[in-house]
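Engineer: Handing you this structure, nothing more for now.
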Amino acid sequence: MAKQKPVLNVAFIGHVDAGKSTTVGRLLYDSGAIDPQLLEKLKREAQERGKAGFEFAYVMDNLKEERERGVTIDVAHKKFETQKYEVTIVDCPGHRDFIKNMITGASQADAAVLVVDVNDAKTGIQPQTREHMFLARTLGIKQIAVAINKMDTVNYSQEEYEKMKKMLSEQLLKVLGYNPDQIDFIPTASLKGDNVVKRSENMPWYKGPTLVEALDKFQPPEKPTNLPLRIPIQDVYSITGVGTVPVGRVETGILRPGDKVVFEPAGVSGEVKSIEMHHEQIPQAEPGDNIGFNVRGVSKKDIKRGDVCGHPDNPPTVAEEFTAQIVVLQHPTAITVGYTPVFHAHTAQVACTFIELLKKLDPRTGQVIEENPQFLKTGDAAIVKIKPTKPMVIENVREIPQLGRFAIRDMGMTIAAGMAIDVKAKNK
């Protein structure tokens, strides 16, 4: 079997109208990741509807429609291969969904591609673009590439490209602590295919990489195998003749059969008999592996979704209270002391109370602008103290980043996002 390419999770971010989904579609289409049979079917339909010459946008619309109708399209649709990587695209259609996904780590991205419309040079950087980039920074995404898109609408002008590049560099990237000299700015026209996978003949002045080549310049993620074991539990099954089988994704550390494990905040422990991935037994599980593991000495009723598995010598931290840095994404009024929304951290969902508002920060620079603010509103960044209403595991983001991030939800929407920067552990 050929050695598998390393997986790279790439988030596509930017304003909704910058052509993100077209860029993603073009990447998938030109790198042959869309199922050929589906393409044939769509081509035929395009011809029947008099759209001969096979409109790319038509394919994208149909993929979108198929998604909306709930028809599962070949999963290849969200993955494609470059020379170096198997790339998984974390493309988030809805702005708020995107933010929640990015923060809860469900789709912890290794790198991001910021897609902007070259025409924004005239109007200024879109607020949503700023917010996405700030979040990418807050979440520790260090590697980014920029696609300056819709170049076809400015006649592939180098001057317009340079204007946009300068504006992004000075007003956004440098402010957030990125070094523009280490970032590829690729002039693209996704609808036409320029510089996404295929090199454009319309911009001979551009000598840099295509978007796909820029992805290959990213560094692969280090697997956090040296950190303590943490497996947030997604489900627990009781299988006849086998016993209790918790299921989850290994976030950090290594799990092997024979290991003694402890589940928190449940406070129960047992011994691992076997580990399965994709219905095959494996000798050890590493970060990124979605596994089921059979545990002796634990019953199904002892543990549940939201518990975290670790080794007894370094068990998951159950928080009495914690200090967090948050960004308020949307709140109809204001957040004050006593507010108790639901925190989504790894697989846990626990109501937590704001017990102190310590500092208000400038969301663009992180500088303190007010000590002990009375309230927080949409757009504010802050440092706050939080008390869970019932036991939950959360880790200091500086020690185990994979379990240090969370989203805050209330009234059916994501109110805020953040990370734990100090955790006071519960005394046993």
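Positions of Cβ are set from backbone N, Cα and C atoms, glycine also.
From a predicted model like this one, the values you see are computed outputs, not experimental measurements.
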Engineer: Given the ranges 14-21, 222-229, 278-285, 398-405, which one is assigned the annotation region 'G1' in Swiss-Prot?
Structural biologist: 14-21
Engineer: Looking at 35-39, 70-74, 140-144, which stretch does Swiss-Prot describe as region 'G2'?
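Structural biologist: Going through 35-39, 70-74, 140-144 one by one, Swiss-Prot gives region 'G2' for 70-74.
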Engineer: Region 'G3' per Swiss-Prot: which of the ranges 83-86, 91-94, 159-162, 255-258 is that?
Structural biologist: 91-94
Engineer: Region 'G4' per Swiss-Prot sits at which of 125-128, 149-152, 213-216, 265-268?
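Structural biologist: Comparing 125-128, 149-152, 213-216, 265-268 with Swiss-Prot, region 'G4' matches 149-152.
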Engineer: Which of Gly14, Asp17, Lys20, Ser21, Met151 has the fewest nearby Cβ atoms, counting only those within 10 Å, among these binding-site residues?
Structural biologist: Asp17
Engineer: Please report the DSSP secondary structure of Lys20 (GTP binding site), reduced to three states.
Structural biologist: helix
Engineer: Could you find out if DSSP has Gly14 (GTP binding site) as helix, strand or coil?
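Structural biologist: The three-state answer is coil.
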